[in-house]
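Taken from TrEMBL as is:
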- A:S160: active site, nucleophile (ACT_SITE)
- A:D335: active site (ACT_SITE)
- A:H368: active site (ACT_SITE)
- A:R230, A:D369: substrate binding site (BINDING)
- A:52-372: domain 'AB hydrolase-1' (DOMAIN)
- A:R337: site 'Important for acyl-CoA specificity' (SITE)
Number of protein chains: 2
Amino acid sequence: MTDSNAKDSVGIVKPQSIHFDEALTLRSGKVIEAYDLMIECYGELNDDKSNAILICHALSSDHHAAGFHSTEGVVDKKPGWWDTCIGPGKPIDSNKFFIVSLNNLGGCAGSTGPTSTNPATNKAYGPDFPIVTVRDWVKSQARLADYLGIEQWAAVIGGSLGGMQVLRWAISYPERLRHAVVIAAAPKLSAQNIAFNEVARQSITSDPDFHQGHYYEHNTYPKKGLTLARMIGHITYLSDSSMRDKFGKDSLTEGNFGRDLSTGKLNFGFDVDFQVESYLQYKGESFSSNFDANTYLLITKTLDYFDPAVDYEGDLSKAFLQGKCKFLVVSFSSDWRFPPERSREIVDTLLKAKRQVSYLEIESDGGHDAFLLPVPRYLEGLSSYLSVVANEPVTTEKSSHAS
Amino acid sequence: MTDSNAKDSVGIVKPQSIHFDEALTLRSGKVIEAYDLMIECYGELNDDKSNAILICHALSSDHHAAGFHSTEGVVDKKPGWWDTCIGPGKPIDSNKFFIVSLNNLGGCAGSTGPTSTNPATNKAYGPDFPIVTVRDWVKSQARLADYLGIEQWAAVIGGSLGGMQVLRWAISYPERLRHAVVIAAAPKLSAQNIAFNEVARQSITSDPDFHQGHYYEHNTYPKKGLTLARMIGHITYLSDSSMRDKFGKDSLTEGNFGRDLSTGKLNFGFDVDFQVESYLQYKGESFSSNFDANTYLLITKTLDYFDPAVDYEGDLSKAFLQGKCKFLVVSFSSDWRFPPERSREIVDTLLKAKRQVSYLEIESDGGHDAFLLPVPRYLEGLSSYLSVVANEPVTTEKSSHAS
C-alpha cells in the first residue's frame, strides 16, 4: 500500500467545504435554499484553466478520492478510494491535471445531506431531505465549476453511479467538458439492479432502530438494516469467481471450503461456518458505523431514477445528440452489476448518435469493484487516453454560460 | 392452467403422513427419536415394484408436487409445484411410473420439523430442531422406500437442492436407484451462494419478531425478515433478462420502465416506483405468511453444508465411484444461481469416474426457476429419457439390504 510520502501519492490533502447561497431547484420540484459541498483538489490548475478534471463518486464514496488526511496511521490507515488511479504519474495524473473530487449533495461526508440541519426546522433533515437525481448532482457540480472558475473540464470521470453523472454532464452541459470517461456504468438500471436496491432499502426501513428515518433523535441508527443492505450490495460488487478465489479456492480442492475458521469443522448451528459469512458481516458492520442510512436510501433512489433518455422519448441516442465531447467507455468482464453488455449499449448508442467514442473491455475477475482495483490493462488504457487529453491543444470554442 | 379434470392431470390427490418409530441419527450426531414424513403418490406401483420414482424437493417446496388437493378453486387454485412435469403423458408419466413425493424432515408442510412438538419439552421444536443435511434427508427417504416396499427406484429426480439429494442417493445407496436425474444443481455451493443464504438468514434473525426462533410462543412470526429473505432468494431465481421481460421490456423503449403504476411518474419518495419492487414485495409477503422461518433457516444451512466430496478428500470423482446408476444432468443457460458450468462440473467429474451420463443444456431465459417452467426442449428431453427408463428391462442385480 502506498503511504503519504510515496512518490506517486498526492500526499496529505485537506478537504474544503464550499457554501452555495443560490437556491437549487431539484428535479422533483423541491428547492434546497442553500447548501455546502465538501471537496478535495489534487494538482494545480493551469493558467488558462484548461487542465481540470472532475471526479464523480459512486454510491458509498465521497470527496476523499486520493491521498491521506493525516500522517497518523490510526486516523487514516487507507488512502482515498481511488488512490490507485489518482496521483503523480498515475493514470489521472496530478502532475498534469487539476483534479477536483466532491461529496455529492445528500451525502454524509460533509456536503449537505440528511444529517445536516434543516434550516426550516433547526433539526436534522433526516428522511425529509429531498430525493436528488443525477441531474441535480450535475447541476450542483456545474455550480462548483463556476465557483472554481472552470468553464470547461478537460474530462469528467466516474465509475458506476459516477459514470452516470459523466453521461449526464455530456448531455446537460455539452460545452463544459472535452472528454467523458464512463467506467463500469449503465445507461439505466436493470429490473434486477432495482430489485437489489429495493431489498437493501427494505432491510434498512424495517429495522426498528430506523424510526422512520428519525433515528438521530433517538440516539441510535439502523445498524442491522444498514449492515444487511451493505452485505447485499457487497455480493453484487464482487464476481462469483473473485469470491471463490477469496474464500473457496483451496477448499474447493480440499473439500472443506474454509469451514469453521479454527477447527475446519461444521458447527451444525447458526453461527458462522464459512469465511464468506464472517467477511460479509464484518464489511457490512464496519460500513454501517461509518455511513448514514438515510443517505444510503437516498442514493439507491438516485440510481433507480437515472435515465437520461427520459426527456427524449426513451431514445438515448437522441439524448446523446446533445453531446459534443469525446467518450471513453470502460467495462469489466466479470462485472455482473453493470456488465459489459450495458457499456456496449452506451457505445452503440453513442455511435448511432455519431459521437466519437473509444471502448475498453477489460478482462478481470474483480466484478463491479474492478474499477477500483489496479488491473494493469485498465490503468494503462486510462493512462494512455488521458495522456493524449493532457497534450491535446484546447481548440474547443468555449460558449459563454450563465452561472 | 391445468385443472383437476384435465386429461394430463393426476387429479385430486391425498397426502398421507407416515410415522417412523426408529430413531434417526443425524450427521451432526443428534438423534431424532421418531418422526413423520408427509408424502403424496401418483400412478400405480407395478407388481415387481420396479417402476417407482422418487421426487426430491428444493428449498421452499413440499410433498405436493402434482395435482390438486381440492376441486374448490378457493382452497387450491394452483396445482402442485411440478405439475408441468408430473402427470399422465407428461415427462414424469404417472401412467408408467409410481411417483413418490415427500416433504423433507425439517419442513413445514406436515413432516416433522421446527413447528412440530418436541417430545422432550412438549413445546414446538422451534430453533432447537437439529440441522439436517442432505445425507440425513436421503437416509430418511431410504427408510420411506423400505416402508413402501421399494427396493430400488427406477429413478430419483430433483431440481436445485432436489438435485443434490439425487447425487447423494447415487453415492450413499448405489444399489437402490437405476437412474439419477439431477436438474439445475451444483456439486456444492459457491461462496456467492452461501453469501446470499447468509444475508437471508440475517434478515430473518434480526427481525425483532423472530425472538431467537421462539416466535410461536409470542404468537407472531418474523414477517418482515422472512419477506426480505424471500425477496433476495427470488432475485437469484430469476434471470436478469426474465426480469427485464417481465418488468422492463416496454419501458426500456418507452423510457419509463414501468414507473409509477398508475401515473407513469416518479414519486420522488420511498414508496414503490417500479413494478419490480411491488412484485417482489408481494411475492415475499405471500411466501412469508405460508412458510415457517425456522424451516427456511434450517434449509439454507442444508444447502450450505452440501458437499458429497467431503468424505473423499474433497475429490468428487472418488465419491462418484460409488455410483452404479445412470445419470441425466440438466442445466439452464440463464441460471446464475447454479449456472451450466456447475452442471458441467458434475458431468466432467462423473466422466472422470467413468460413470454413464447424459447432459442436457437448455437455452432458457427463465433463470434458476426454469426447471419449473414448461420449456419445450427441457420437457421433451426429460420425457424422452424417462420413456427409455420406463421401457428398459430391469436387469440390475438387487442387493439385499438391511431396512
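Each Cβ is built from the backbone N, Cα and C atoms, and glycine gets one as well.
Automatic prediction, not curation, is the source of TrEMBL annotations.
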Recorded positions near A:D335 (active site), in sequence order, restricted to A:R230, A:H368, A:D369 and a 10 Å Cα cut-off: A:H368, A:D369
Proximal but sequence-remote residues of the same chain as A:R337 (site 'Important for acyl-CoA specificity') (Cβ under 8 Å, at least 6 apart): A:S160, A:A184, A:N193, A:T236, A:Y237, A:G367, A:H368
Recorded positions compared (A:R230, A:H368) - the one with the fewest other Cβ atoms within 10 Å: A:H368
Mean per-residue pLDDT computed across the domain 'AB hydrolase-1' (A:52-372): 92
Assigned element (helix, strand, coil) containing A:R230 (substrate binding site), judged by DSSP: helix
Site with most surrounding Cβ atoms, counting all protein chains shown within 10 Å, from the recorded positions A:D335, A:D369: A:D335
Cβ neighbour count within 10 Å of A:S160 (active site, nucleophile): 27
